[in-house]
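TrEMBL feature annotations, pasted as is:
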type	residues	note
DOMAIN	479-662	domain 'Metallo-beta-lactamase'
TRANSMEM	157-177	transmembrane segment
TRANSMEM	212-229	transmembrane segment
TRANSMEM	241-260	transmembrane segment
TRANSMEM	266-286	transmembrane segment
TRANSMEM	298-321	transmembrane segment
TRANSMEM	327-349	transmembrane segment
TRANSMEM	356-376	transmembrane segment
TRANSMEM	388-408	transmembrane segment
TRANSMEM	443-461	transmembrane segment
Amino acid sequence: MHQAKQSEQLPAKLVRSFKIVEILHQQQYQRLVVETTLLPDNPAQRIYVLWQVAESQPQLGEIWQGELLLRPLSSRLNQQGFDRQQWALAKGISLQARVKSAVKIAEDFSWRERRLKRAWQQTQELSEQGLLLALAFGERAWLNPDTWQMYQQTNTAHLIAISGLHIGIAMGIGFLVGRLLQFVLPTRYINGIFPFIVGFMVALLYAQLAGFSIPTLRAIIALAVLLFFRWRRGYCVPWQLFLRTVAILLIVDPLMLLSASFWLSVGAVACLILWYQLFPLWIFEWRGKAFTDLASQYLWGIIHLQFGLFCLFTPIQLAIFHGFSLYSFWANLMAVPFYSLLLVPLVLFATFTEGLFASWYWANELVLLINQGIAYWQGGWLFLSQKIILFLTALCALWLASCVYWVYQYPRRLAKPNFPWQPKRCFPLGLSSERALSPITRTYVYIACVSLVVYCGGQWLKELITKPHWRLETLDVGQGQATLLVKNNKAILYDSGASWQGGDMASLEILPYLFRQGIQLEKLIVSHDDNDHAGGVPTLLKAFPSLKLIQSSTFFYQTQDVDPCYRGKTWHWQGLTLQALSPPQIVARANNKDSCVLLIDDGRYSVLLTGDADITAEREFIEQITAPIDILQVGHHGSQTSTSELLLGRTKPQVALISSGRWNPWRLPNKQVIERLIRHKIQVFNTAQDGQISVFFYTDRFEIKTARDKFSPWYRIIIGEPSK
């Protein structure tokens, strides 16, 4: 935090040498994490770097010297969206920069980086090189985006990210190696601790291969704590051990609290402890007999574990990812054994032996086989709205409480009927008669489940009570425009943000927000054809094939369902009236002056959306505005070519909304425009500072909420405030 605050006092440009420590994305535009010393007598800082490389791509361990355009940590911010400030701080990043020019001055390859370079060369011809390198070194820069999306949509992405599962596998491999070594060692070396030492060393070596990333470091610390208590022969119940481990992790790095992976890992372990405490495998029987042989214990153990995670871990996944895979249980049930028993050991063998016995080739073939199985379960991913997430969370809590009651308090046993009218043949899976759970534990479970249900119900009820008549959402899409009119879970989108090679704001911000909120997009209005307003149109038309397009030009956007926007045109939608004030006529390609200007009215409140209309256009459409308005979307992102004194004097808005990008090269919004708005006593909101801006219209008032406000987490308030 001290480094982040100091960065605000640095000059905008600095020439420094820096070492590449992590590659996040390697295409034409590089996204890297580098280490450099910016101020004398200060420790090295980790910086998030954007770099357009024309020639050779930078590699891990290389040292470059170049001109850095420095910026404090800031990011786009939409409600429940990805928070890059939080992500950066969790990774120890205190600054962001853009490389203007640089030259390589040295190479400082560590043992890990030399191994990575060698493995990269050996796997260069393999189709799944990216996944193999991700498994071996935790580097996902070369991972195929389609493969990563497939794993994400089946809730199996945890198999690729090196974390507790992989460190545990390495520990198990080392433990077995230690046991085998004891067969050839002298008797004095045969003891119970030796295999654990070997296992920990193998796990430590794997963590070093992964660059001691935050998840691997977390797993290694947790493993060390477990081994320490075993070595000291101190007894702790699982919950005590869990809480002590979490406490030590937070003492080592308090910023772990900002990492989503921390909550996923801690949540998964807590769910497993609870699951095995409530429903251990030994309470289940098959045709009246316990699972005694090794094969049945392993098979049912895997099913039992995956089912427990599926039932208890689902609310945590819903809260973090705002979505759910219908087939995640089956995908994990198939993939986890392959990864645990075959793929991870094979990849480690190939890494340490440099591909001995064509091990990289066989690992690639195994990946192809596993991917075929996972691909079978792809397509079941559902984005869920907040209401559905609350409902499913409450349902999971009720299910857990019901299962505890049925297993430990309900007098009837599965597969052993007590009533003569029940059929003799029942499902062969039954429960042991020796099962028991303390009353205090049952009480705690019931209280927790009821509390969770009450919380979910309260949130749902609060949303119903405070539901506005309609709302206006100005999404934070950087230097662009995307404004939503929302009523009854239906929406009209005014502009779609920018696009660039390989992506657009519609994919990054607009569509995820619509899916999270459960909003059906019905109309898309393109104010004009500049990229920062129309860049996301193709993506939105693909996502919503029945979408009606409204535009002020004849430019073709791959749809025939087009309605023109010109002066005098009126639309009635969900009780709102949308009146087009400009342009006077349709053009072949709409520029700023041809923007589709809309006056939106609900009978009490009115909103003026001006696109990028300039002062000349304002003079033409201003005569059609006969009464003061409430909300003004400031034209052209706050440029002095728009928002004239005449417009402000005629419309007399109470609130002005500006959509602009932080650190944009045009330095928008213009200071003179801001002063003009303040002079007219207009309250100003800017997405560059406030994030998403939401205006809620009720029958007797309207309220404004922003994604970044005085009640935001500390890192949003302290970091990213402009000082230059």
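Yeah, the Cβs are placed from backbone N, Cα and C, and that goes for glycine too.
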Can you tell me which of 241-260, 298-321, 327-349 gets the most C-beta pairs within less than 8 Å of the transmembrane segment (157-177)?
327-349
Where else in the chain does the transmembrane segment (298-321) make close Cβ contacts, counting only residues six or more beyond its ends and a cut-off under 8 Å?
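Hits for the transmembrane segment (298-321): 155, 260, 263-264, 267-268, 271-272, 274-276, 279, 281, 284, 286, 291, 328-329, 332-333, 336-337, 384, 389, 392-393, 396-397, 399-400, 452.
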Which of 212-229, 266-286, 327-349, 356-376, 443-461 has the most Cβ pairs closer than 8 Å to the transmembrane segment (388-408)?
443-461
So which residues does the transmembrane segment (356-376) touch in its own chain, when a touch means Cβ under 8 Å and the partner is 6 or more beyond its ends?
119, 122-123, 126-129, 131-132, 147, 150-151, 154, 156, 331, 334-335, 338-339, 342-343, 346-347, 349-350
Could you pull out which residues elsewhere in the chain have a CB under 8 Å from any CB of the transmembrane segment (327-349), counting only those six or more residues past its ends?
132, 135-136, 154-156, 159, 165-166, 169-170, 173, 206, 302-303, 306-307, 309-310, 356, 359, 362-363, 366-367, 369-370, 373-374, 377, 380
